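Visitor: Sharing a structure with you now.
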Amino acid sequence: MTNSSSTSTSTTTGGSLLLLCEEEESWAGRRIPVSLLYSGLAIGGTLANGMVIYLVSSFRKLQTTSNAFIVNGCAADLSVCALWMPQEAVLGLLPAGSAEPPGDWDSGGGSYRLLRGGLLGLGLTVSLLSHCLVALNRYLLITRAPATYQVLYQRRHTAGMLALSWALALGLVLLLPPWAPKPGAEPPQVHYPALLAAGALLAQTALLLHCYLGIVRRVRVSVKRVSVLNFHLLHQLPGCAAAAAAFPAAPHAPGAGGAAHPAQPQPLPAALQPRRAQRRLSGLSVLLLCCVFLLATQPLVWVSLASGFSLPVPWGVQAASWLLCCALSALNPLLYTWRNEEFRRSVRSVLPGVGDAAAAAAAATAVPAMSQAQLGTRAAGQHW
């Protein structure tokens with residue numbers, strides 16, 4: 001994941017990574033609002049991602065396989081919000097021509113710019129990979145048998161997936177220096193880092209849409225009630241086996257031939273029967289999640305493609321596309337925790353009164369969760 005604007009047609013080696021500090025004085029008044037937006041995203045994203053990491057590390061009920069991938073993404077987003085965004089906000093407020101640090105720190109030919117680009121690339125790449133891991137985890141949780149899910153997401157396998165996401169991101173970041181434009185050199189006709197960024201975003205979008213739309217189809221045709229963002233499965237997982245044991249089906253009387261007719265499956269009790277509104281709400285939640293991803297990433301895809309083929313892209317379009325993508329780093333915790341009752345309880349226990357409003361707003365639409373004792377297994381929320 002690389003910044004396409006770093007390889008744009010601008011040859012200003014001292015400019016900001018997001019072209020917030022161009023040499024043109026006409027942009028001076030427009031850099032301030034963008035810097036203020038980065039400042040707000042930095043503060044909000046740092047607090048939100050830090051809170052999720054703290055809650056998961058402090059409460060054992062939150063230490064599940066799915067939350068491990070969420071925490072991995074929050075750690076990557078925290079590096080973007082706490083380390084990279086403040087630098088962009090400060091650089092955007094500096095006068096034109098003084099976007100880089102003073103002194104000889106950057107005498108090595110854009111080393112500070114490469115450092116910021118590498119930090120951004122590492123954080124965003126791990127974050128996007130974590131979104132894919134969360135989507136794949138949820139897709140397999142619904143579409144595969146519990147035993148298969150447990151085998152795939154053993155603790156060792158989960159740790160390997162997390163380590164692989166960082167190793168892959170680090171490998172991609174190490175490819176940045178050879179492709180960095182040389183000071184005073186003519187810009188190439190094809191910018192491969194920008195094309196690589198566009199290809200990575202398109203691949204991630206395809207995987208997310210496949211997983212989440214597959215979940216929507218499964219929820220629509222299934223009798224199980226699923227809260228997709230919370231992932232409380234009340235069918236197919238052993239919780240329904242416990243319900244079936246509590247409501248056994250009586251065998252039919254033997255027929256004339258002496259053979260007993262096979263027992264017909266007993267319907268689930270009314271408390272476990274899904275309601276159409278709840279299934280529709282789960283589907284809308286997934287579609288909303290997909291829309292957020294598309295809105296945050298697709299503008300950057302087109303900007304990266306245009307920059308990759310040396311097509312002129314207005315500065316405002318570049319800044320807006322990167323702001324949307326970076327906003328995903330700040331909103332990442334809310335995407336996965338806003339309807340999770342365990343997270344709300346944890347927030348209320350740490351900050352009394354803070355989560356009451358969110359709990360009241362979600363009370364009418366929340367899907368009741370089954371405890372681990374009711375599930376009888378750790379398939380839906382395998383602990384680390």
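Including glycine, each Cβ sits where the backbone N, Cα and C put it.
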Visitor: Would Swiss-Prot put Ser349 and Gly73 on one side of the membrane?
Guide: yes
Visitor: Match it up for me: which of 36-56, 351-371 does Swiss-Prot list as transmembrane segment?
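Guide: Result: 36-56 is the stretch Swiss-Prot calls transmembrane segment.
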Visitor: Ranking 117-136, 159-179, 196-216, 311-331 by Cβ pairs under 8 Å to the transmembrane segment (36-56), which is first?
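Guide: It is 311-331, which has the most Cβ pairs under 8 Å.
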Visitor: Over the topological domain 'Cytoplasmic' (137-158), work out the mean pLDDT and round it to an integer.
Guide: 91
Visitor: For the transmembrane segment (196-216) against the transmembrane segment (74-94), do we get 3 or more Cβ-Cβ pairs below 8 Å once near-sequence pairs (under 6 apart) are dropped?
Guide: no
